[in-house]
Every structure is written in C-alpha cells, then in structure tokens.
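Report on one structure; see the data block that follows.
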Amino acid sequence: RGVGIIWMDETNCTGMESTLSSCRGRPWGINNCYHGEDAGVVCSGSAVSSFAPVRLVDGPGPCAGRVEVFHSGRWGTVCDDSWDFMDAKVVCQQLDCGVVISAPRRAYFGEGQGPIWLDNVHCTGTEAALSECRANTWGVHGCEHGEDAGVVCS
C-alpha cells in the first residue's frame, strides 16, 4: 500500500500513449479510491530504461542522421561494418521515428567524435533497442570515424 495522494483513477490506456499520464481517466487527483486498491506492474525481461539511449545527429531532422549511442557516460558512434536495413529498422523503432528508409554508411552524415562504441551490429529487426542486437563487445572495433553508420527514418 502506498501513502499520500492518489493521483490517478479509472485510468484507461490504449497502449499508444508515450506516458501513463497521457492515458484517459478521471481528472488528476480526483478519485474514489483507497490505498488498498493501489495498482502495480510486473514486467518481463529488461526494462526499457536499461537500454542504451540512441540519438541521430547531424541529419536534416530528428529522424535522420549519424547513429550515436550512450554508454559509460559518453556518446559514441556505431561502425558501419555489417550495418544494414535491419539494424537501422531497430533504431527507427527505438526512437519512434516510423519505418526505416535507408541505412547510410561511410559517415554519410559526417564523422563523429569520441568513442566508437559498437561494431559488427547484427539485428534481427525485432529488438526493442540497438543495444539488444548482437555486436562486438562495447568499444571493440577496427574502425575509424569515416565508417560511422547512419539512419534515415520516415
């Protein structure tokens, strides 16, 4: 049982909301509940928050650019060795950027800086995040930034 204010009641989500507070329900803080009715959640597998964050930089918009991942407190790039459509598909899905249009290689969006975190990425296309795909150990690569991978999503 929780303590304090009960913020949500009669919450009804479709599954398409990006946050729980975006779901339909009674107005914020209005309820006819007691803490014996507190809701909980049990998730299977990895928590989304444990996935390495991904961003696309130096592209024409938020859904196209050089792929960068956040690991060990630093942003770094992904080498284009074996980089393909399935790898790019996972990035587009992770960023909620629609479907993949292309998976440019050879630093198409310019050369990054800092560590090259991932190399020889092999995604099936069903992973929830790039960090779930098979790849070399973090930071192990035979690349230069002229081989930075990119993504163009719809």
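Just so you know, glycine gets a Cβ as well, placed from its N, Cα and C.
Note that the coordinates shown come from a computational prediction; the quantities given were computed from them, not determined experimentally.
Reviewing C13, C23, C143, the cysteine that TrEMBL connects to C79 via a disulfide bond turns out to be C143. Cβ neighbours within 10 Å of C79 (disulfide bond), excluding its own Cβ and spanning all shown chains: 24. Broken down with DSSP, the domain 'SRCR' (1-44) shows 6 helix, 2 strand, 36 coil.
Note: the CA-CA distance between C143 (disulfide bond) and C133 (disulfide bond) rounds to 19 Å.
The Cα of C123 (disulfide bond) lies closest to that of C79, out of the disulfide-bonded residues C13, C23, C79, C153.
For the domain 'SRCR' (54-154), DSSP puts the residue distribution at 16 helix, 35 strand, 50 coil.
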